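Lifted from TrEMBL, the feature list:
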ACT_SITE  B:Glu264  active site, proton donor/acceptor
BINDING   B:His263, B:His267, B:Glu293  Zn(2+) binding site
COILED    B:47-95  coiled coil
There are 2 protein chains.
Amino acid sequence: MNYLDIYQTYRKKIKAYDYALWLISWDQETEAPERSNDYASNQLEVLASAQYDLEMAEERLEAINHLYDQINDLNDEIKIEIKKVKKSIDRLLKIPKESYIDYQVLLSKSSKVWAEAKHNNDFESFLPTLEKIVEFNRLVVKLYETDTLKGYDVLLDMYEDEMGIKEYDQFFDTLKENLVPFVLEKTKKKPKFNRALTRNKFSIEGQRAFSKYLLDVFSYDLKKGVLKESVHPFTSGVSSTDTRITTAYHEDNLISSIFSTIHEMGHAIYEQQVNESYDETLLNGGTSMGIHESQSRLYENMIGRSYEFWAQHYPKLQEIFKKELKKVTLDEFYAYVNGVSRGLIRIEADELTYSLHVMIRYEIEKQLFNGKLKVKDLPKTWNKLYRKYLGVTPKTDTEGVLQDIHWAGGSFGYFPTYALGTAYAAQIYHAMNQDIDIAKAISSNQIHLINEWSKEKIHQFGGLKTPKEIMLIATKEPFDPHYYVNYLIEKYKVILKD
Amino acid sequence: MNYLDIYQTYRKKIKAYDYALWLISWDQETEAPERSNDYASNQLEVLASAQYDLEMAEERLEAINHLYDQINDLNDEIKIEIKKVKKSIDRLLKIPKESYIDYQVLLSKSSKVWAEAKHNNDFESFLPTLEKIVEFNRLVVKLYETDTLKGYDVLLDMYEDEMGIKEYDQFFDTLKENLVPFVLEKTKKKPKFNRALTRNKFSIEGQRAFSKYLLDVFSYDLKKGVLKESVHPFTSGVSSTDTRITTAYHEDNLISSIFSTIHEMGHAIYEQQVNESYDETLLNGGTSMGIHESQSRLYENMIGRSYEFWAQHYPKLQEIFKKELKKVTLDEFYAYVNGVSRGLIRIEADELTYSLHVMIRYEIEKQLFNGKLKVKDLPKTWNKLYRKYLGVTPKTDTEGVLQDIHWAGGSFGYFPTYALGTAYAAQIYHAMNQDIDIAKAISSNQIHLINEWSKEKIHQFGGLKTPKEIMLIATKEPFDPHYYVNYLIEKYKVILKD
């Protein structure tokens with residue numbers, strides 16, 4: 001066997017374990033009975049360990065090194081794959097096995113510690129755990145640093161290729177200059193909505209029916225997907241032929257499930273439309289967190305919160321909730337789904353203020369990894385930044401620094417991709433509008449045209465192109481955050497005009 | 001490491017693969033999107049092959065052989081396990097690898113060939129496949145034969161320990177003598193039911209609500225289980241903490257889903273109540289197909305089709321189907337759920353005639369493996385036996401020899417356990433009635449008393465005891481088919497009195 005064959009033989013095996021681990025986790029999060037959890041964890045551990053042994057097999061590493069040495073003789077697909085694999089293995093080998101295992105053990109317990117601390121508004125009880133997690137990530141930074149990649153950049157690069165402090169600073173500075181003043185000026189008043197929307201109960205059954213309707217509207221392919229329910233909505237894809245989503249229904253919030261379903265469809269349609277032949281490779285799925293989020297946000301916000309969309313689909317919602325929505329006009333409903341307020345909670349934030357929540361986390365992470373901020377001082381800094389950029393102050397750490405699970409899971413460098421993806425979305429939306437009349441596509445119930453454009457310009461490539469390359473292909477220019485700021489200000493100066 | 005440690009280390013790994021394979025198959029049968037099937041099959045193949053390598057690892061086989069040599073030094077649990085494992089490995093090693101692989105490939109295609117043949121009423125198109133399957137099973141018989149185990153006995157023993165032709169002949173002869181004349185005499189007339197039952201549509205939603213209600217009535221533990229839907233109802237357990245069931249709803253048949261749900265709960269409560277410490281061993285799950293079926297049939301028939309049961313729960317059903325069941329009395333409903341008729345289709349058969357369908361398959365299999373019957377003559381023999389024992393003749397092979405999937409899956413020797421289990425159930429029911437007043441337990445909504453008795457006498461042991469031992473523990477005597485015949489005749493001479 002030549003090295004390529006060896007590599008591909010291992011890949012086939014490793015992907016089978018990916019599949020098993022993916023399915024166990026999907027099952028546990030959506031359907032598995034409560035008491036099955038311990039048993040499932042034990043089996044998962046065995047399978048993950050078998051997969052690790054395959055990944056680290058001498059024979060495989062040797063094959064990868066040989067292929068890397070002759071990288072220019074390989075075709076594009078495999079070349080890109082080998083580069084990625086080589087990078088990830090080189091990194092893994094740098095971490096002392098003992099530290100790695102200690103960290104995995106720490107993480108396996110940390111989300112429970114975090115959840116309890118959040119529940120009890122007790123940051124101190126989470127502090128020792130969080131300090132250890134940060135410490136490990138500081139070690140990772142040290143071990144992974146290269147001539148061109150330093151400090152927090154190491155972590156940022158893990159989630160979004162070629163995005164570092166320099167690029168993110170530029171991005172967030174644009175928001176600070178243009179968006180923060182607009183937000184602070186325009187959100188002084190609390191918005192008022194038709195009370196039928198905020199006071200009524202909306203049956204889960206009715207919401208389920210509307211979510212099913214939405215699958216059809218967006219052409220989410222149920223032959224290659226599933227819609228289920230879970231505590232927190234998510235997308236979970238393992239191949240272009242199997243990309244599943246969940247949503248969550250709340251009786252006292254009609255639109256939460258609607259926008260979750262649309263958001264997750266954005267993620268899922270991306271993965272469903274990746275070149276099917278990549279399913280056997282490591283190029284399946286999206287290329288980066290940022291591009292992924294651009295798709296979910298474009299579907300959720302640019303399509304799902306547009307006036308054209310609700311002009312077309314509000315009648316169906318009214319048909320389902322005859323009694324509850326009888327006295328709510330289309331304009332009132334549109335105002336409601338685009339309601340803006342200064343909030344404390346990121347995942348409840350509106351389209352306009354969302355990125356400012358992310359920016360705060362970015363500033364904090366940057367300081368954590370350049371040594372300017374100690375973990376114990378997180379709550380103080382958090383609250384200060386919320387006052388500065390959103391004009392609000394958390395009364396408790398529960399609704400402040402403890403609100404997100406990400407840090408408890410060791411994810412540093414991840415948050416910024418949420419804002420970046422949202423900004424990508426505005427630029428992609430602008431470019432798409434040059435090729436197709438988006439408003440018309442939405443009004444004439446032809447969202448499949450948007451899917452097709454996205455497939456051609458973005459989705460089909462999977463992991464073959466970098467985020468930068470994707471932006472160039474899709475929008476014909478590099479990423480420019482002004483599209484995002486302009487989009488928001490254009491939209492919200494109308495909505496917030498009085 | 002000593003041999004026991006080696007054995008247990010392998011067992012832990014092998015069970016993790018069991019888990020993954022179990023979950024993939026559960027997912028594919030209940031929820032996975034259609035297009036995901038190919039991808040899932042490919043991953044399953046890799047994992048199954050990795051599991052096979054573990055099972056056949058020299059080091060493991062050596063450990064098993066050593067443990068087997070010193071079997072009397074082992075504790076009961078591990079002793080029984082090693083005996084089972086040794087037997088199955090010795091057998092596997094006897095089959096030439098090439099034949100084994102050819103057969104697996106054949107089976108991977110056979111159910112599709114069978115389904116098409118059934119759909120087209122074309123036995124000839126299935127014949128070559130079935131001939132090859134039978135041929136392989138004849139080879140298996142030859143390779144597995146011992147001094148004490150000959151011919152068809154080899155296959156029978158695979159599904160039910162210590163049950164062979166001698167025992168089954170005795171059992172079915174009792175049915176022929178006592179049950180066949182009773183059935184032929186009592187089922188000349190077609191039964192008549194309240195037309196509201198046979199003509200109405202019963203909403204899936206209403207049926208779902210009643211199935212959920214039944215879970216509670218039977219104390220099926222949803223912390224360790226799930227109720228889902230699939231084309232054919234089944235139970236799928238992987239541990240005592242995770243045993244799932246499915247049912248199937250049909251608008252034009254109210255009781256089909258009810259009895260499927262109860263039947264599968266019988267299977268599932270069995271596995272949920274096995275000693276939890278066996279989850280890490282090979283002793284989890286039921287001890288045999290026959291004992292398993294005894295539990296599902298006892299729940300379905302002895303409890304679920306009793307008058308006391310419906311006296312207690314028919315009001316709830318009427319509450320759900322107010323309009324549809326308004327004019328149906330309890331007695332009419334009871335008559336309907338116990339309706340008897342000479343049918344052609346096993347899975348639609350009533351409690352009284354069910355075992356005769358199985359007996360026909362047993363006679364055919366016996367002849368297939370003693371050389372008296374050629375595969376091509378199956379349809380003729382099938383039809384002849386249906387005339388003889390049930391007084392009906394299939395008009396097509398679709399409703400005759402092609403109706404069941406079992407032979408297409410290579411299962412010979414399996415069918416008889418269905419009848420055997422049903423007969424076990426009658427004897428167990430009789431014994432249980434000595435300890436607790438079953439009618440009263442049902443009437444007072446205390447079915448948990450039945451679960452508790454079953455746990456103590458049957459369930460807790462999992463695979464630790466043989467079927468024969470279980471019958472002795474639970475009923476204090478060996479299996480005796482007269483309990484079954486007596487139960488049926490007592491019950492149905494009342495129901496079929498006019």
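Heads up, the Cβ atoms here are built off N, Cα and C, so glycines get one too.
Report note: the Zn(2+) site is defined by B:His263, B:His267, B:Glu293, and the residues of the same chain whose CB lies within 8 Å of the CB centroid of those residues, excluding them, are B:Thr235, B:Glu264, B:Gly266, B:His292, B:Gln295, B:Ser296, B:Arg297, B:Tyr299, B:Glu300, B:Gly421. Cβ neighbour count for B:Glu293 (Zn(2+) binding site) (all protein chains, 10 Å cutoff from its Cβ): 25. Residue environment of B:Glu264 (active site, proton donor/acceptor) contains 25 other Cβ atoms, counted within 10 Å of its Cβ in all protein chains. Summarising model confidence by region, the coiled coil (B:47-95) averages a pLDDT of 95. Other Cβ atoms within 10 Å of the Cβ of B:His263 (Zn(2+) binding site) number 24 in total over all chains. Taking CA atoms as the reference points, B:Glu293 (Zn(2+) binding site) and the residue listed as 'active site, proton donor/acceptor' are 10 Å apart. Under 8 Å, Cβ to Cβ, and six or more positions away along its own chain, B:His267 (Zn(2+) binding site) finds B:Thr235, B:Gly237, B:Ile245, B:Gly286, B:His292, B:Gln295, B:Ser296.
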